[in-house]
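What follows is a single structure, written as structure tokens, with notes after it.
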Amino acid sequence: MTSATSNGQEPASGGAPAPAHEPQNDTHVTDNTGEPPLKKAKLDEPFTLNGDKPPRRKGVAPIKAEYLVDINAIPVSAPEENTDDAAEAAHHEEREDDKKKKPKIRGQNTNRTFGRYQDEKGLCPSRVFAPEFSPGECRFGDKCRFEHDLRTYLKEHKREDLTTFGGVCPVWDARGKCYAGWKCRFVGSHMTERDTPDGRKELVLVEDEERKKKSPRLVPYASEEGLANTISVDDRNALSRKKIKTPRADAYSSWLDKTSKQLEKTLHGRRQNDGGVVEFTKEEREEQRANYTEPPFLPSEKRRLYFGPETPTLAPLTTQGNLPFRRLCVELGAQFVYSEMAMSMPLIQGTKSEWALLRSHETELTPPTISPSDKIVQGYDNSKDMKFGAQIAANKPWQALKATEVLSKFTPNLRVIDLNCGCPIDLLFREGAGSALLEHHSKLEKILRGMNAVSEEIPISVKIRLGVRDNAPNAQKLVERLVLGGHESHLLGLGPCGTAAITLHGRSRQQRYTKQADWGYIAETAALIKNLNKRKDELTDTIYEPDERMLPNGGKVYFLGNGDCFSHQDYDDHINNAGVDSVMIGRGALIKPWLFEEIQTGQYLDKSASERLSLVEKFAKYGLDTWGSDEYGVGITRRFLLEWLSFHRRYVPVGLLEYLPPNIQDRPPAWRGRNEMETLLASDHYKDWIKITEMFLGPAHKDFKFEPKHKSNAYETEG
């Protein structure tokens, strides 16, 4: 990457990103033009051609004429369907109710399958890490279905070693130890044959002490593998057998149920004002408060939060927001990240796949980089802050409370626990979760109040949309309730529900991604929240002032905007003109993860094809570090790398554009890159994506399959 701007100026001191490395691979990638990488585009200067430029067409990426391709000269593929909802809740997608309907080659693939990727015959777990002649004892003995002879396994049942990354296991290279043992696809790089006293040759695994010393833990509670927020098998089994008690959630849920019934009885038949609110005199309010039972306990004091202009945030992304991708974004400048959305019931039941979503890398648990200012709330301790938060979904208060309690018990190293009230997927909506809660304000307030009560020191946040239906936004009414507390809460003297931060996605559920996000409405909501934060003391009933522990951040509620951020110009505009505390970025980061770098440096980064390929290489390394370097781990890494490439291929280099800033809603006409690799990275064909993964993960397993999210590309994929 070059460090000059388009007019030859150097970036501000300390702001230039570190140069990317070329792929350390036996596959050499070069720009066929032989030219150095293009310059960065300066913030305020659009690219120009000699002479007059054609006007910018709405909805079409403004690609320079010399890079356009005659579509009549190439085969026409099926039109691309909008797949952006897939990043919301891919593995919670709706299922087709009418099985008799004739399938159409369009829309999203639901219930996708990915084939299988494992050894022809597995190695017995008692042998995986043991020297050849000193295996552990197998409890199944002769009845064991796995291979016990190490040399037979290596020769007949395990695929040949990979030659990518110079033939060296990237996990062993980084940590001095490989956690896949003999099953590693690079095992030749960390094994040797030694002579035994009886004259035999014994195969043994090798560890590198020097490499271990160079890989210290970044946080004290991370595991040897650099992971945190993991739950033990015993604890998961105890959850599945209902042996883990949730006394705080149970007590608070009972109180909520009892109080709700009493309140409903009190309000029934009372006359309402024009706003639909039942009015009480001061004496009546005091009488009602005296009749209600106090909550069983008050919330624990929460860690103070901070969101600011220097803290761009990666949105919770199902499937796409996996650990390797989050790790990549953190490295590129994301200051806060979230887990994929986890469903409350599977968490309560100890489901392995759901708890796996909470695993985080130690780089996600380091403090964010912030600029101290008067906007930081009193009591905020940056050294105790971290980048990683969890997001959950629930349709009933007791589910959300139980899930929150077990999360705070088994994964205490969370920045926040966020409640998803924005997911538009039909399956969740029909169950009353996700965006369905946008129409049940009182219920949502109860859920958040209860979560705040049982979460120990972890703050609670919420992500919402404009509303459920187009032309009927109700987010501002909801926000006022979440900041100040609803009418029922004031009647009981409870005050605000304890939400520390609110994120608003500028679209309705009905709208999905068909139109631009409404940043005008987001700006109005930001102004409303600032006003409510200032007036909170005036609006609070001073006689029944809520306990300070119920008020996160000393009473300040942070507000984040979300939707269509695709450049540092978009980000700055939202901060300065919409008035949000920070911006949450979803699709923009999937298409170009270095968007966080652009925000830090304040300029467009025209990444060359080889620089972009180095990010693909990093994802592959991080995937093997996360899921393992054995056959299964390589297959999982390939699958999620393909998922990311299905979004990343939408990127059109800024050096090819007539106008800046780019618009995330624009779709490009047929175009070619500045070299073959840039063209390959932009391909919309799954076979080209697989070709890219094979540069780092080797040939795909014969049984590997990949079904893209969009059915126009839905072919059986065999590597």
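Even glycines carry a Cβ here, placed using N, Cα and C.
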Further binder of FMN named by Swiss-Prot next to Pro316, Leu317, Thr318, Lys463, His505, Asn562, Gly563, Asp564, Gly586, Arg587, taken from the candidates Gln118, Gln391: Gln391
Zinc finger according to Swiss-Prot, located in which of 168-193, 324-349, 636-661: 168-193
Largest separation between Cα atoms (Å) of residues that the record links to FMN, namely Pro316, Leu317, Thr318, Gln391, Lys463, His505, Asn562, Gly563, Asp564, Gly586, Arg587: 21
Reported mean pLDDT - the zinc finger (118-151): 95
Residue distribution over DSSP helix, strand and coil in the zinc finger (168-193): 13 helix, 3 strand, 10 coil
Listed binding-site residues (Lys463, Arg587), ranked by Cβ neighbours within 10 Å, top entry: Lys463
